[in-house]
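What TrEMBL records for B:26-135 is domain 'PurM-like N-terminal'. Taken from TrEMBL, the feature Mg(2+) 3 binding site applies to B:D28, B:D73, B:D215. The feature Mg(2+) 4 binding site is assigned by TrEMBL to B:D28, B:S43, B:D73. Annotation source TrEMBL lists Mg(2+) 1 binding site at B:T44, B:D45, B:D120. The Mg(2+) 2 binding site annotation in TrEMBL covers B:D45, B:D73. The substrate binding site feature in TrEMBL is assigned to B:H52, B:D266, B:Y322. Here TrEMBL flags B:G119, B:D120, B:R144, B:S217 as ATP binding site. Feature annotation from TrEMBL assigns domain 'PurM-like C-terminal' to B:148-308. Annotated Mg(2+) 5 binding site per TrEMBL: B:D218, in sequence order.
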Protein chains: 2
Amino acid sequence: MREFELIDWIRQLPGPSRPDVLTGIGDDAAVLSVPAGFDLIVSTDTSVAGVHFPHGTAAYDVGWKSLAVNLSDLAAMGATPAWVSLALTLPKLDADWLKGFFAGFQALALPHRLALIGGDTTRGPLAITITIHGFCPNGQAVRRRGARAGDALIRIGRLGLAAAGLRWQLARPESERASPLLDPFEQQCLQALNRPEPKIGMDAVLRTHASALIDVSDGLLADLMHVARSSGVGAKVDLDAIEEFGWLSEHFGSSEARDMVTRGGDDYALLAACAPAQVDLLLVAAKALGHAASVIGCFEAEPGCRIHHHGQIDTVGGPSGYEHFT
Amino acid sequence: MREFELIDWIRQLPGPSRPDVLTGIGDDAAVLSVPAGFDLIVSTDTSVAGVHFPHGTAAYDVGWKSLAVNLSDLAAMGATPAWVSLALTLPKLDADWLKGFFAGFQALALPHRLALIGGDTTRGPLAITITIHGFCPNGQAVRRRGARAGDALIRIGRLGLAAAGLRWQLARPESERASPLLDPFEQQCLQALNRPEPKIGMDAVLRTHASALIDVSDGLLADLMHVARSSGVGAKVDLDAIEEFGWLSEHFGSSEARDMVTRGGDDYALLAACAPAQVDLLLVAAKALGHAASVIGCFEAEPGCRIHHHGQIDTVGGPSGYEHFT
C-alpha cells in the first residue's frame with residue numbers, strides 16, 4: 001500500500017451525510033459550515049505509542065481510544081460532536097493494522113455521526129493526533145470555572161478502573177496484550193483502559209443543569225483541583241461514595257485502590273458541579289444512557305480538596321495527577 | 001520545567017486580541033465564533049523530526065516551518081487564517097528549545113493575527129501537528145477542481161530551492177546545521193527549506209481571480225497533476241519560464257535541477273489556474289507582496305502533463321512527487 005492509496009482508501013470509508021461539510025478530504029483544506037446560532041467547540045489530543053497506550057495494544061483499541069479521548073473533551077463542554085481531523089504518524093503502511101485502527105475509529109465515529117474531514121498521514125513513530133470539532137448553542141458551553149460553594153460534585157463514569165487495567169496490561173507479555181483476560185473484573189478494567197466510553201449524548205442536559213464540567217483524564221484529584229481553582233472554591237470528596245474504590249481495595253488493598261481512584265489517569269469520566277435541586281435530573285439522564293453516575297462530594301468555600309474516608313480527612317493542595325513529563 | 005508550567009508559559013505568550021475566541025487555552029476545549037457569512041476552512045499538517053526536517057534543525061526554524069506549512073494550505077484555499085491548535089510531542093521539556101520553537105512560531109503567527117486556541121503537549125519522539133482554522137466568504141473557497149483548458153498556470157513562489165537547500169543541509173555535520181552558510185544562493189535555498197514564506201495576504205485576489213489553487217508541498221508535477229485530474233484537464237509546463245531552473249542548473253547540472261524544480265518537495269509555492277484576462281491582476285498582487293510570480297504554462301484539454309524544455313516535450317502521467325512512505 002502506498003500513501004496515495006491509503007488516502008484514497010480512507011476517503012471511501014463510510015461516513016455520515018452531513019450538509020455542513022461543504023468540502024471534505026481531498027483538497028488543501030476542508031470547507032465547513034457552522035450552523036447559525038452555534039459556537040464552534042475545538043479540542044486536540046495526541047496519543048503516542050508507549051506513552052498513552054502500551055506497545056502491542058490492539059489496533060482496534062488504538063483507533064477507538066484516540067477518538068474517545070477527544071470525544072470526552074467535547075462532552076466536558078456540553079458540546080455536540082460534528083467533525084474530526086486525523087493526523088496519523090505510522091512506522092510503516094501495514095494494511096491489517098490500518099483496517100483494525102479504522103474499524104475501532106469508525107465504531108465510535110459512525111453512531112455519533114462524526115465526519116472525517118481531513119488530516120495528514122506521515123511516516124514516523126506511531127502517534128495519533130485528533131482535532132475534534134463540535135457545536136454548542138451560542139454562549140452555552142459549560143466551562144470549568146462555574147462551580148459554586150454548595151454545588152454537588154457528580155461523577156459520570158467509573159474512576160480508577162483504567163489505572164487497574166493498565167497495571168494488569170503491563171504485567172502481560174507484549175504478544176498477549178491483544179487477547180482477552182478471563183476474570184470479569186480484570187476484563188472490565190482492561191475495557192475501561194482500552195475502550196473508554198465517552199459520555200456523549202448528555203450535552204443538552206449538561207448545558208442546562210451543570211454549572212461546571214471537566215473530564216477526568218489526569219486523575220480525579222488533579223482535574224477536580226482544576227475546577228475548584230478556576231471557580232475560586234474548594235471541594236470535598238467522599239471516597240466511600242465511589243463504589244469501585246471498594247472493588248479495587250479487594251484486589252489491591254485500600255492504599256493502592258485509593259491511588260488508582262484519585263490519581264490514576266485515563267478515566268474519561270465527567271465531573272460536574274450542579275445545584276442540589278438539579279442533581280436528580282442529571283443522574284437520571286446519565287443512568288438512562290447506561291453511565292455509572294453518583295454524587296461523590298460537594299464544592300465548598302474553603303480552597304483545596306478534602307478527601308473523606310472512614311471518618312478521616314486528608315487535605316490536598318497542588319496538582320497530583322498523571323504528568324507526561326517526569 | 002514541568003508540564004503544567006509549560007502550559008502556563010504558553011498561555012502567557014503574546015497573542016492577538018480576537019473577539020472571535022470566546023474561550024482559549026485552559027478549558028477542555030476552545031469556544032470559538034465563526035463570523036456570519038463565512039465558511040470555516042480547516043487543515044492539519046504533521047511535521048516529524050528526521051522526516052519533515054533534518055535532526056539538528058534550529059528550534060526557531062522548526063517552529064516557523066511547522067506553522068508555515070499549515071498557513072500555506074489555507075493560502076491555497078484563498079482563506080484568511082484565524083486560529084491554530086498546536087500538538088507538540090517532545091522527547092523532554094527543554095526550556096531553551098521551547099523558547100526557540102515559540103520564537104519562530106510567533107514570528108509567523110503574530111503578524112497574521114493568528115490566535116493559539118489550544119492543543120496538547122505530550123512526551124515522545126519530536127513531532128508537531130498543527131490544525132489551522134480560517135475563513136472564506138460563503139461559497140468562495142478556491143478548490144483544486146476549477147481549472148479550465150485555456151487557463152494560464154501561474155506559480156507564486158520559488159520552486160526547487162528547498163530541495164537544493166535540503167541537499168546542502170544534509171551534507172553538513174548535524175552539529176553545524178543551525179549555523180548559517182556563507183554562499184548567498186546556498187543561504188537562499190536553506191532559507192527556502194527552513195523558513196518557507198506562506199503566500200498569505202493574497203486571499204481576496206485569489207478568491208476573485210483564480211479558478212483553481214493548490215500549494216506545492218509534494219513537488220510541482222505531483223501537485224499540478226492533482227489540479228489537472230480533479231479539474232478533468234491536462235497541463236503544459238515551460239521549464240525555461242522558471243528562472244530558478246537556470247540557477248539550479250549552474251550548481252547541479254540540468255538533469256538534477258529539473259528534478260529539483262519538478263519533483264522536489266517542500267516548496268510551499270502556490271499554483272493558480274487563471275483566465276488569461278486576469279493574469280496581470282494576479283501577478284501584480286503577488287509581486288506587491290514580494291513573491292516571485294510568473295506564468296509557467298497553461299491548462300489544456302488533453303489529460304496528463306507535458307514539460308517543455310529547449311524545444312523538447314516530456315509527458316508525465318502519474319503522481320511523481322515526494323512520498324512519506326517508500
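Placement of Cβ uses the backbone N, Cα and C atoms for every residue, glycine included.
Since the structure is predicted, the reported quantities are computational estimates derived from the model, not experimental observations.
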Inset, instruction - Sort out for me which one of B:D28, B:D218, B:D266 has the most neighbouring CB atoms within 10 A, since those are the binding-site residues we care about. - result: B:D28
Legend entry - Residue among the binding-site residues B:D73, B:D120 whose Cβ has the most other Cβ atoms within 10 Å: B:D73
Inset, instruction - Round to the nearest Å and give the CA-to-CA distance linking B:D73 (Mg(2+) 3 binding site) with B:G119 (ATP binding site). - result: 19
Legend entry - Pairwise Cα distance for B:D45 (Mg(2+) 1 binding site)/B:H52 (substrate binding site) [Å, integer]: 11
Legend entry - Mean predicted confidence [pLDDT] for the domain 'PurM-like C-terminal' (B:148-308): 93
Inset, instruction - Return the member of B:H52, B:R144, B:S217, B:D218, B:D266 nearest to B:D120 (Mg(2+) 1 binding site) in space, with distance defined Cα to Cα and candidates limited to these binding-site residues. - result: B:H52
Inset, instruction - State the count of C-beta atoms found within 10 angstroms of the C-beta of B:D45 (Mg(2+) 1 binding site), not counting that atom itself. - result: 23
Inset, instruction - Could you measure between B:D215 (Mg(2+) 3 binding site) and B:G119 (ATP binding site) for me? Cα positions, answer in whole angstrom. - result: 25
Legend entry - binding-site residues in contact range of chain A, given that the Cβ distance is under 8 Å, out of B:D28, B:D120, B:S217, B:D218, B:D266: B:D28, B:D120
